[in-house]
Amino acid sequence: MWIGIISLFPEMFRAITDYGVTGRAVKNGLLSIQSWSPRDFTHDRHRIVDDRPYGGGPGMLMMVQPLRDAIHAAKAAAGEGAKVIYLSPQGRKLDQAGVSELATNQKLILVCGRYEGIDERVIQTEIDEEWSIGDYVLSGGELPAMTLIDSVSRFIPGVLGHEASATEDSFAEGLLDCPHYTRPEVLEGMEVPPVLLSGNHAEIRRWRLKQSLGRTWLRRPELLENLALTEEQARLLAEFKTEHAQQQHKHDGMA
């Protein structure tokens, strides 16, 4: 996968290119990241990249000419078929389904805004899609862009060590992840669930699915509203609810 970055702070993306899963993907040639700074496309000696908004008000906008020229340079480098994305609080909220959808693209250009944003006409003429990582304000689009790159790159064949890792990730099936355990078997009196030590892969799979369903029901119940549960999932969720109620009753009795 090829990803182009439009950012006033391209050095921030060393966190993606030099470290972790994405760093290995870049090193192994599975992920290619190039960046363009609008500051390199300015025509004045001060390399100004912000401008006042029409109508007044606080803050500045990114200057149109350097930004557009940077986008055009990225498009030229990408060639045909690159989707241009603007990271914006007004965009579609990124979720696992969206990540999976974006991962089908071989080329992405990510535009990172700064200041109060960018001219609406640039969005209309240069941007294919707007995406948001949540309903809150950040200082720029770099962190959302890195979030998008990290999540999308997990779907690139060969990036993850285990072929099933991406499909078994939290949210991959619309559910939260199940609890995980490693050594020691007993930590401050708390034991690893015996089923995970049993070697019975069918029972382990069943336990993990039940815990995933239950954790989603407890923490993010709205996610279940969008799912059509299978017969097995519905049965396991009912079991979890019964067990949870029994545990709560026992806890209340001890209080």
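Heads up, the Cβ atoms here are built off N, Cα and C, so glycines get one too.
Because the structure is a prediction, the values reported are computed rather than measured.
Features as listed in Swiss-Prot:
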type	residues	note
BINDING	GLY113, ILE133, GLY134, ASP135, TYR136, VAL137, LEU138	S-adenosyl-L-methionine binding site
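Annotated features, which come from Swiss-Prot, shown on the structure.
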| residue | record | Cβ contacts under 8 Å, 6 or more apart |
| --- | --- | --- |
| GLY113 | S-adenosyl-L-methionine binding site | MET62, TYR86, LEU87, SER88, GLY140, GLY141 |
| ILE133 | S-adenosyl-L-methionine binding site | LEU87, LYS93, LEU94, LEU143, PRO144, THR147, LEU148 |
| GLY134 | S-adenosyl-L-methionine binding site | LYS93 |
| ASP135 | S-adenosyl-L-methionine binding site | PRO89, LYS93 |
| TYR136 | S-adenosyl-L-methionine binding site | PRO89 |
| VAL137 | S-adenosyl-L-methionine binding site | PRO89 |
| LEU138 | S-adenosyl-L-methionine binding site | PRO144 |
**Report entry** Span of GLY113, ILE133, GLY134, ASP135, TYR136, VAL137, LEU138 around S-adenosyl-L-methionine - largest C-alpha separation, Å
**Finding:** 16
